[in-house]
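Annotation comment: TrEMBL describes A:1-20 as region 'Disordered'. Per TrEMBL, transmembrane segment is recorded for A:37-54, A:66-85, A:115-136, A:198-218, A:225-243, A:249-270, A:282-315, A:327-347.
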Amino acid sequence: MADPTAVRAARGPTPGAPDERVRGQGLLGRLVARPELGALLGAVGVFVFFSAITDQFLSPLGVATWLDDSATLGIMAVAVALLMIGGEFDLSAGVMTASTALVTAMLATRLGWNVWLALLLSLAFALAVGAFNGFLVMRTGLPSFIVTLGTFFALQGLNLGVTRLVTGTVQVSGIRSAPGYESAGFVFASTVDLGGHAFQISIAWWVGAAVIASLVLLRSRLGNWIFAVGGAAGSARAVGVPVTRTKILLFMTTALAGWLVGTINILRFASVQANQGVGLEFQFIIAAVIGGCLLTGGFGSAVGAAIGALIFGMVRQGIVFARWDNDWFFLFLGVLLLGAVLVNNTFRRRAERARR
Amino acid sequence: MTQQSGTAVLSTEATADALLVATGISKSFGNVRALQDVSVWLPRGQITALIGDNGAGKSTLVRVLSGVHPADEGSLTFDGSPVRFASPEDARTAGIETVHQNLALIDDLTVWQNLFLNRELVRGFGPLSFLDRKRMQEQAEKMLSRLSVNVPPIRSKVRRLSGGQRQAVAISRAAGWGSKLVIMDEPTAALGVQETARVEELVKGLRADGMTVLLISHNFDQVMRLADQVWVMRAGRLAAGRRTQDTDGEELVGLVTGAITS
Ligand SMILES: Nc1ncnc2c1ncn2[C@@H]1O[C@H](COP(=O)(O)OP(=O)(O)OP(=O)(O)O)[C@@H](O)[C@H]1O
Ligand SMILES: [Mg+2]
């Protein structure tokens, strides 16, 4: 027999020998396989571009400005990325930032509660809404897109309706005089002086969120489960992964992030508009997608989402520094989104083989 | 019962040393009655085969036994005590590992992550416990090398593997935990000649190690080679049971198709 496969079968390969047809992975190969590569390249490009064409972009003032803009978006994008890797969406994440701020502000200004106590209650409210989202999605089997669209409208209606009932206007202000404002403001809305300019503490929260989310995702059991439930929920369930609990936890995490951002905002600006946050939910998703998350779940990166938010902030403020019309922001955004997705898509094919 | 074949019929009355006894299991999906009053038992330390045509209900029974979905009616006794598996985790904790027909692998995770999914090794404790990736990768290498001819690289994503390699990963996962019962739903369906031989060796090895095996297969020669006992299903019902020494491939074909009733 001249058939080479027959000869090979007759001899038989050594048991346990690795398949020699699979090439080893170099450092470059592993780097290219990371989901956040597209975002990283984009961020460097945007950074270099605006540093070159404007003077302020690289100044301490400039850096503080675009980092500040990126920070609150970044906190949300990181949480939304975890949820997307877990295979779900949360369209109520944007209004949640307003709802929590409103709850805190009303309790503190109308009922005279200590700010910390008010924060505790708005946190409980946020977690309850997140758990409700998750429970409903898992219980009904409906797409989270639809379920959280419902929560989104419900919260928006509550924000406007309750605010108008209580205050007669569409905003709540006056939290500065509430007890506990100083200490809470120090934690969530103070500034740190670096290089002669004030940097918002929210930047630290953003970095912290990205680091913790990455550790959870890549170094903990829960992280494994998040990838598993997003990639193939049925298979994950069949090996005993607590699918429902994991997903509900992820919805609660985006709600928690919404509370954190709402808290940062209300303590910093001391007033909140009832229609705040609407439309932001898509920015969170876009930042996560630029950062390498797939809309289909099971793949993505928390650091990538944080970098996606950074790109947002740099472009938005870079356009201001360059004195362009703000309309150009959307052109930039569109091009960046497409570019990042194309890059991610190309490299993902390699990622399928790579070590994580 | 009318016995038309000349061989000994296996009673659905379990012997005392049965590891698992399923009694009167029924399961419907909407108006599809996938299982109707199925009673089977698995002798401890032996290989039991479950055969039947496509749609006979074999995989549904497997999913009931492995906790994926609870039965509508019926009861299970495992290792001497009555059990109710509310989730696959319950079944795994009790000592039942399963290779599902669809393999239940996560494409976007690596081979070693799949092997250790929900059985992750960690260092540290409480909220500060981190995955022990190195140890998991080393053990994964060992778990796989027992089985495969072409060992899939443990750090590659499962999506990249061939059908046979995927099957090898799923089988290694089920065989690797020293459990009491290993259920395999058509484990050699996608395998070549060498891989099939190796899986059969592994199945015998599990028996030699004292484990009980439930093997679903469409390959009657394989069943005759490996199994000590056979259950035959037809259209959601248990059709017959035999000790393999008392039967042959021809009779099994007849029992599966309904040409022979017992
Ligand atoms: N989740 C489900 N929802 C609805 N019907 C189902 C479900 N699972 C199985 N069934 C139905 O139950 C019956 C038995 O299916 P099952 O998968 O158990 O057959 P099987 O014996 O494993 O067949 P095969 O040899 O093809 O694997 C089929 O009619 C199938 O359509
Ligand atoms: Mg089947």
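First residue shown is number 1, and so on along the chain.
From the backbone N, Cα and C atoms, a Cβ is placed for every residue, glycine too.
Predicted automatically and left uncurated, TrEMBL annotations should be read as such.
Note on the transmembrane segment (A:327-347): residues 32-33, 35, 37-39, 41-42, 46, 286, 289-292, 308, 311-312, 315-316, 319 of its chain, located 6 or more positions outside it, place their CB under 8 angstroms from a CB of the stretch. Same-chain residues lying 6+ beyond the ends of the transmembrane segment (A:282-315) with a Cβ under 8 Å from its Cβ atoms: 34-40, 42-43, 46-47, 50, 66-71, 73-74, 76-78, 80-82, 84-89, 93-94, 206-207, 209-210, 213-214, 217, 227-228, 230-232, 329, 332-333, 336-337, 340-341, 344, 348, 351. A contact links the transmembrane segment (A:115-136) to the transmembrane segment (A:249-270), because at least 3 Cβ pairs that are 6 or more residues apart lie under 8 A.
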